[in-house]
Amino acid sequence: MSKRSMSKCSMPMRVAVAAGLSLLAAGCGDTGEASGGKTLTVFAAASLTESFTSLGTTFEASHRGVKVRFNFGGSSGLAQQIGQGAPADVFASASPAPMKQVSDESRVFARNRLVIAVPKDDPGKVTKLADLAGPRLKIVVCAEQVPCGAAATKAFAAAGVRVKPASQEQDVRAVLTKVSLGEADAGLVYRTDAKAAAAKVRGIEFPESAKAINDYPIVALPKAPQSALAKEFVQLVLSAQGQAVLAQAGFEPASPG
Amino acid sequence: MLSTKPSRAAEKLPGRPPWILVLPALAGLAFLVLPLAGLLIRAPWSTIGTRLAEPQVLEALRLSLVTATLATALCLLLGVPLAWLLARVSFRGARLVRALVTVPLVLPPVVGGVALLLVLGRRGLVGGWLYDTFGISLPFTTAGVVLAETFVAMPFLVISVEGALRAADLRYEEAAATLGATRWTIFRRVTLPLVAPGIAAGAILCWARALGEFGATITFAGNFPGRTQTMPLAVYLALETDPEAAIVLSLVLLVVSVLVLAALRDRWVNTT
């Protein structure tokens with residue numbers, strides 16, 4: 001039932017999104033567009049912002065006249081937008097569940113694991129996951145509905161640690177905000193997030209994170225307006241060059257082989 | 001007493017309303033109501049009963065109603081005197097103060113939440129002192145939710161009440177002053193009754209805004225069921241995994257708020 005009403009919505013949605021994108025293009029006044037260049041639209045999880053932006057520049061450099069445009073956001077929100085007909089060429093998700101709503105053809109291109117983020121001065125003196133159960137500590141984690149929260153729950157279960165969080169945040173960035181402002185004594189974030197915010201928080205690795213590793217799948221969408229370019233972009237992400245950029249951001253390679 | 005009687009104006013003027021006003025009015029109404037219709041059409045009616053019975057829903061609803069009401073009370077307590085100051089006392093920088101009052105209207109609520117953290121957080125300018133002296137920490141508490149909602153909703157009250165004060169006939173207050181009433185007495189016995197409908201309308205706007213508050217709340221107070229998870233937060237998180245549940249939650253919030261607002265309007269705003 002919901003499928004049918006979705007397709008009902010898709011036309012106006014498509015028009016609206018297209019109008020939005022062309023406005024963007026007009027606003028940027030880029031010349032590639034005017035000279036008949038192509039635009040590749042990549043929907044990617046927010047945690048990929050830095051590494052994918054850099055790969056986008058690489059892609060543009062090797063494909064003359066091609067602009068790569070990104071829509072970074074929460075994976076499930078992006079999946080819903082694609083479901084409603086947003087004109088995306090590539091979708092990279094931070095966990096398999098949102099990807100399943102969009103495509104079964106995806107490939108895992110990176111993995112991310114959780115670390116404990118603490119404020120620079122570490123007021124809670126946290127060194128291991130079990131420390132987070134301390135009754136006096138204010139702990140923030142992601143809500144279970146979002147991938148980082150599901151991973152946190154798995155990690156706590158694997159370690160047999162019972163934590164009473166002060167808050168279940170809507171995404172990793174919100175956890176980072178609370179920790180970097182010192183409102184929370186510790187929080188669980190992805191290693192890549194801790195690395196990106198290294199000026200404000202310290203990331204502590206913990207062995208139980210191995211039990212809660214997030215796979216990042218990517219797919220060139222079957223209905224992609226630029227399907228050839230979409231496949232090439234996915235190739236770039238999977239290539240040694242792409243993997244090096246991701247590794248630098250703190251991602252682990254997809255399972256060997 | 002001063003009262004708004006919407007029916008009287010319609011009776012007074014003869015003739016057909018001009019289409020040049022009626023058409024955009026209808027378009028405006030459709031624009032506001034259609035998204036609601038979208039929610040109603042997509043709502044999973046068959047499972048709505050079981051979804052509503054979930055304890056988390058009632059908990060979030062109760063928390064939303066309690067915090068929005070407390071926030072409105074706080075807005076009244078602080079906002080009415082502020083509106084009075086702006087309308088009745090001339091002082092240097094009044095324009096600037098009036099502009100500052102509207103800042104929370106312009107500020108993205110998430111930024112408002114971060115600003116509240118910087119001031120009232122455990123390491124904030126004021127919050128640091130509260131924490132060191134009394135051991136009080138506001139983020140992640142229900143009190144934090146009330147503060148976030150108050151911050152975002154108060155401008156609605158101040159602007160409505162100030163407007164009512166400016167529209168009110170000053171001669172009543174002047175008459176009271178010539179009869180020897182102090183300014184406090186005038187405020188209490190003359191001004192307040194005079195602008196009561198304006199205050200009620202402002203309070204209703206304020207309550208509605210507080211009820212729907214999301215960004216400042218989740219940023220300042222976080223999200224924890226039963227403590228800081230209000231309906232809008234529950235809706236947002238439900239949207240991550242279960243859009244149908246999010247629709248049900250939104251409808252509950254809408255129905256409850258429309259019922260409350262309709263009841264209050266009849267009782268306070270339209271009475272003679």
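Just so it is clear, glycine is given a Cβ too, placed from its N, Cα and C backbone atoms.
The shown structure was predicted, so the numbers you read here are calculated from the model rather than taken from an experiment.
The annotation signal peptide is assigned in TrEMBL to A:1-18. Positions annotated as molybdate binding site by TrEMBL: A:SER47, A:SER75, A:VAL172, A:TYR190.
Locations of recorded TrEMBL features on the structure.
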{"residue": "A:SER47", "record": "molybdate binding site", "Cβ neighbours (10 Å)": "31"}
{"residue": "A:SER75", "record": "molybdate binding site", "Cβ neighbours (10 Å)": "31"}
{"residue": "A:VAL172", "record": "molybdate binding site", "Cβ neighbours (10 Å)": "30"}
{"residue": "A:TYR190", "record": "molybdate binding site", "Cβ neighbours (10 Å)": "27"}
Other same-chain residues whose Cβ falls within 8 Å of the Cβ centroid of A:SER47, A:SER75, A:VAL172, A:TYR190, the recorded molybdate site, in sequence order: A:ALA45, A:ALA46, A:ALA94, A:ASN112, A:PRO147, A:CYS148, A:ASP171, A:THR192, A:ASP193, A:ASN214
Extent of the molybdate binding site in Å [max Cα distance among A:SER47, A:SER75, A:VAL172, A:TYR190]: 15
